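**Student:** This is the structure I want to talk about, given as structure tokens.
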Amino acid sequence: MPEHTGASRLQLSGLCFLLQILTIVLFAVFVRYSPESSPSLCSPQLNCSWKKQESGSQHPRFRDVQLQALLGFGLVVAFLGRYGPGSMAISILVVAFAIQWAVLIQGFLYSFLNGKILVGAQSMVSADFCAAAVLIATGAVLGRANPVQMLLLTLLGVTLFTLNEYILLGLMGVSDSGGSLTVHTFGAYFGLMVSRILHQPHRDKRKEQQDTGCQPDVFAVVGTIYLWIFWPSFTSATTVHENTEPWAMLNTYFSLAASTLATFVLSPILYEESTVRMVQIQDATLASTAMMGMAGEMLVTPFGALIAGFLAGLIPPLGFRFLMPILHSRLKIQDTCGVHNVHGLPGILGALLGTLLTALATADAYGGRLELVFPLVAPGGWTATDQALCQLSALPVTLLLATLGGCLAG
């Protein structure tokens, strides 16, 4: 990370203190436990069994999503030989503040009742999704932004992420349970625009990215394993009902497997290394999850998930080989972790895949799951084509908010 003077260290200390005091005060005024988090609030006359069941099912999901955010994303950025240890510390700092701020901002939009924000296990899952998007954005500016700037980026990034999510999911009725648009696409292009504003011509980020040694490769191994273990839970954590969760988990696993093989197909052709590096497998793993974010709970079919994962696995090697030099030389975008290849492009393709599957959705194919995946279609108010157009229109909305917000943050 950039070197810090005594004044900058005091700025970090002061900003952390002020932000923590602010969140403590806001929590004290507004935040309360939701009824499902407090079983004693259920009277004997009320049937609260569904609330207890929902709360109980969310705790394992919260654990998996939290591990994914802290360990998966933290170890993902540790492959950078020059910035590895500092990057992990920044990741934890970002997650620690993003979760608190996301609970507040999301609470005001989603669970503000009688002047109070009601929080439960699902609140923490949603906050972790927000933290994941911000971590993706920080991957584009690692090495060129100090911790103070990262905190300010988190402050604005969480706010804009929540606004985009509310517009897409709350107002437009978009189905994006795994976050192809809300997490991957928004986080990538928000971070890329910040990186463009912070452009430093004298630094060659691609060479710095390749500066990895044995220890960072070990981090990449562990990070990739965590992605494999916990990302299916991440993709299925916000599915509305248990009935749609198996589809999301199965589709994600099939996609992960195919993307890994795609790396072994393409990387030896594009690069001179005799063996595929662990970082390349890690990139393909992330790309497949971005591709499957929106379509995960839909009827992709197992072979469709394999095809989508294989195509997603081809994007990072091609992007790093051909597209990143163009971004750097012509568009002046320095992408430290390659978030455009790993999250941005796969997220866009995942949104297009989800749109296609939405247009093809029928009651006969989905059975009773249609109303779970597409609540607005099942009652007869919308057709599958209407829902597909809604899914497609969410893409330019996300790109617009991400780019404008990234320019402002930068």
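A Cβ is built for glycine as well, from the same backbone N, Cα and C atoms used for every other residue.
In TrEMBL, annotation is done automatically, which means it is predicted and not curated.
Sharing the record's features from TrEMBL:
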TRANSMEM  12-31  transmembrane segment
DOMAIN    64-407  domain 'Ammonium transporter AmtB-like'
TRANSMEM  65-83  transmembrane segment
TRANSMEM  90-113  transmembrane segment
TRANSMEM  125-143  transmembrane segment
TRANSMEM  150-169  transmembrane segment
TRANSMEM  181-198  transmembrane segment
TRANSMEM  218-240  transmembrane segment
TRANSMEM  252-271  transmembrane segment
TRANSMEM  299-324  transmembrane segment
**Student:** Could you pull out which residues elsewhere in the chain have a CB under 8 Å from any CB of the transmembrane segment (90-113), counting only those six or more residues past its ends?
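**Tutor:** Same-chain contacts beyond the flanks: 1, 19, 23, 26-27, 30-31, 34, 69-70, 73-74, 77, 119, 123-124, 126-128, 130-131, 134-135, 138, 142, 147, 150-151, 154-155, 157-159, 161-162, 165-166, 170.
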**Student:** When only pairs 6 or more apart in sequence are counted, do the transmembrane segment (125-143) and the transmembrane segment (150-169) reach 3 or more Cβ pairs under 8 Å?
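**Tutor:** They are in contact.
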**Student:** Restricting attention to the domain 'Ammonium transporter AmtB-like' (64-407), give the mean pLDDT.
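**Tutor:** Here the mean pLDDT over the domain 'Ammonium transporter AmtB-like' (64-407) amounts to 85.
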